[in-house]
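A.B. asks: Feature list, courtesy of TrEMBL:
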- 1-22: signal peptide (SIGNAL)
- 20-140: domain 'Thioredoxin' (DOMAIN)
- 189-211: transmembrane segment (TRANSMEM)
- 224-337: region 'Disordered' (REGION)
- 323-337: compositional bias 'Basic and acidic residues' (COMPBIAS)
Amino acid sequence: MAGGRCGPQLTALLAAWIAAVAATAGPEEAALPPEQSRVQPMTASNWTLVMEGEWMLKFYAPWCPSCQQTDSEWEAFAKNGEILQISVGKVDVIQEPGLSGRFFVTTLPAFFHAKDGIFRRYRGPGIFEDLQNYILEKKWQSVEPLTGWKSPASLTMSGMAGLFSISGKIWHLHNYFTVTLGIPAWCSYVFFVIATLVFGLFMGLRIFLFLPFIEQNRRSEEAHRAEQLQDAEEEKDDSNEEENKDSLVDDEEEKEDLGDEDEAEEEEEEDNLAAGVDEERSEANDQGPPGEDGVTREEVEPEEAEEGISEQPCPADTEVVEDSLRQRKSQHADKGL
């Protein structure tokens, strides 16, 4: 009997002891905060952070088994982000379809490396060692970057992000119809077909109504451009006329200067010729009638008489000189006209 009574008592004592231990250990375990993830979730509102610095991004879906297998490796890689001087982020393609379209993600999981706004696709296994070597050894430098229209920051990929975002909203709306409201799937499809037709008709009607205004604006712009071209041509013609006038004035001035120079030269020549004629006449006058000594011209020796005849001016020579002077004056008058 004693042994039977002690058994329940020992069991009760053991249960009380376990409860006390649990009570003392419970607050301590509750006091320990859960380990905070170093992976930063990226959304459409904060994705531009990857344009600065060095980043590694992972695109995943909660239902993807391959994505779940790399979660622990990605968390370990993010813990060493401070040592590697790199930021680590992740994108849920279900919640952020726009970002999946911006990066044109077609397979999951998908990894991207970003360095100062230049993006590259990482195609490794996604394990911690390979990711660490990819950064430390700078293997990303041997990978061709996504440039041009392929860059997530380009205008083309911005449009792709908008299309993926619209498709994601349509998918969520389809799930709301079929799952939450219990509407058959074919009814949801019919609704989207009708909505697409109505939207297309609305856009076509809008374009048809605004087309005359668009055409009018286009014509006014063309007329304005034609006026500008005409004004430019008129200004060009005016400038050409002014240049031609200036050139003509310059040519006339040059001709006048040349005429003045010719006049000065001709005047000098005339003066020289007139001076020569005057000297010859003065010499002839000096050899005039015989003096008081009674010596006549016939008594001069023949040689001296011949020399005197040669020194006397010939009337024919003076006439030739005067004719040349008249011709030069007439030529000068023609040039002046």
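Every residue gets a Cβ built from N, Cα and C, even glycine.
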A.B. asks: How many helix, strand and coil residues does the domain 'Thioredoxin' (20-140) contain under DSSP?
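C.D. replies: Secondary-structure breakdown of the domain 'Thioredoxin' (20-140): 52 helix, 26 strand, 43 coil.
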A.B. asks: Mean pLDDT for the domain 'Thioredoxin' (20-140), rounded to an integer?
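C.D. replies: Per the prediction, mean pLDDT sits at 87 for the domain 'Thioredoxin' (20-140).
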